[in-house]
Amino acid sequence: MTELRHRGTTENDLQHQQSEDKGSENEGKAEKDGASDSESKPDTGPPGVPVPADDTPEVLNKALSGLSSRWKNWWVRGILTLAMISFFFFIIYLGPMVLMLIVLCVQIKCFQEIIHIGYSVYHSYHLPWFRTLSWYFLLCVNYFFYGETVTDYFSNLVQREEPLRILSKYHRLISFAMYLTGFCMFVLSLVKKHYRLQFYMFGWTHVTLLIVVTQSHLIIHNLFEGMIWFIVPISCVICNDIMAYMFGFFFGRTPLIKLSPKKTWEGFIGGFFSTVVFGILLSYVMAGYSFFVCPVEFNSDRNSFEVDCEPSDLFQLQDYALPAALESLTGWPTLRLYPFQIHSISLSAFASLMGPFGGFFASGFKRAFKIKDFANTIPGHGGIMDRFDCQYLMATFVNVYIASFIRGPNPAKVVQQLLALRLDQQLHIFNSLKTHLTERGLLEEEED
């Protein structure tokens, strides 16, 4: 995909394709007369990607008409940022299942924005099925990932419902059959003289799926571990984006990276310290509420998804002894914190130091196609992908962090899996476990 330029193919590729076209023209008039319009059309290079028009609301344009473009952009971004944060609070209030649906909607919109750029390159050739196949592959991948998630986290629901149990048993076979159908459709859609471009776009679709769908699936995994693992990382990225912009706007003098000329070292450093402090404070507030810290579970008795548990030690206040230097400075021998607050330092540090590289990657991608934003969905901010380029990288880190340092064996999941076995298998496991515990002296040996 990185080989694609603003005109869709490199100059060498165009010259090579044109030479192929000239050679094929000499193969005979009969073959030319039987060729379709798309086959006989020469490759003259696709049109440029259209630049989204400014869709700032008219009321804001009138209210800010007396300001310079720099301050006008500042106010537009600020107002829309407050609106988005308010909407974020609202969907948090609605609960984890609504959050999951919002993540799915964001994923679909991000996919659409990236695919649209490819379609703008591809459309001039009038080749069949590109968008149809792209959306079909999105459906296949989502079916696979969401099926795996439901089976993993809500196995008691799956085992209770007969249709879900059948779908779960053959889930991977069905997923493979769906993908294989799309693969065959792609092969059948290949058009003579345009093979190279079609395979470019086939790769374009799959890289987009890898970047967008796979990482949005990790966001949902983080959410099911407890909403705090979803809200704190996302909020840290938002805080870093805002504070880096503020520090850069008012104090920025030293350019940070050529891919984003407006990014400055002053904004990068100011955003780092602001985000770490913000992460610690936000974690302290949220760790005290079971609504935020408990994993999402399905209650079979009430037939509903619930967030209710006894918080783990990670969300219990503990006393930590301060180093001698800090004790002499503050006068406090100990500091009372939630253990999660210590983990939040790692999350906020990653959001500040490595998260921006997701934005730099997106900036390089947009520069390759000479566009300012992925879309114009949010005035002053661009498209949805412009706002979530850092979030996807952050979601992957959080998922890896949980798997490496937080998650341990889950007795509830083990019991659910045991209950799904046949009775003779359950009895065999019971006897094996009983023998093991007896040998370790945890159970008294019974007489025959």
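Cβ from N, Cα, C; glycine included.
A TrEMBL annotation is a machine prediction, not a hand-curated record.
Summarising the annotation, TrEMBL assigns region 'Disordered' to 1-55.
Here TrEMBL flags 1-42 as compositional bias 'Basic and acidic residues'.
The transmembrane segment annotation in TrEMBL covers 74-106 (among others).
If you look up TrEMBL, you'll see 127-146 (among others) marked as transmembrane segment. Within the chain, the transmembrane segment (127-146) has long-range Cβ neighbours (under 8 A, six or more residues past its boundaries) at 38, 104, 107-108, 111, 115, 118-119, 171-172, 174-175, 178-179, 182, 185-186, 189, 191, 194, 197-198, 201, 205-206, 208-209, 213-214, 217.
The transmembrane segment feature in TrEMBL is assigned to 173-191 (among others). Listed as Cβ neighbours of the transmembrane segment (173-191) (distance under 8 Å, sequence separation of 6 or more from its ends, same chain) are residues 36, 38-39, 127-129, 133, 136-137, 139-140, 143-144, 147, 167, 198, 202.
Annotation comment: TrEMBL describes 198-220 (among others) as transmembrane segment.
Per TrEMBL, the feature transmembrane segment maps to 226-247 (among others).
The transmembrane segment annotation in TrEMBL covers 268-292 (among others).
Feature annotation from TrEMBL assigns transmembrane segment to 340-362 (among others). The list of residues near the transmembrane segment (340-362) in space but at least 6 beyond its ends in sequence, with Cβ under 8 angstroms from a Cβ of it, reads 228, 232-233, 236-237, 239-240, 244, 257, 259-260, 263, 268, 271-272, 275-276, 278-280, 282-284, 287, 293, 314-315, 374, 385-386, 389-394, 397-398, 401, 405-406.
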Message: Test of understanding: applying the rule of at least three C-beta pairs under 8 Å (pairs 6 or more apart in sequence), is the transmembrane segment (268-292) touching the transmembrane segment (74-106)?
response: no
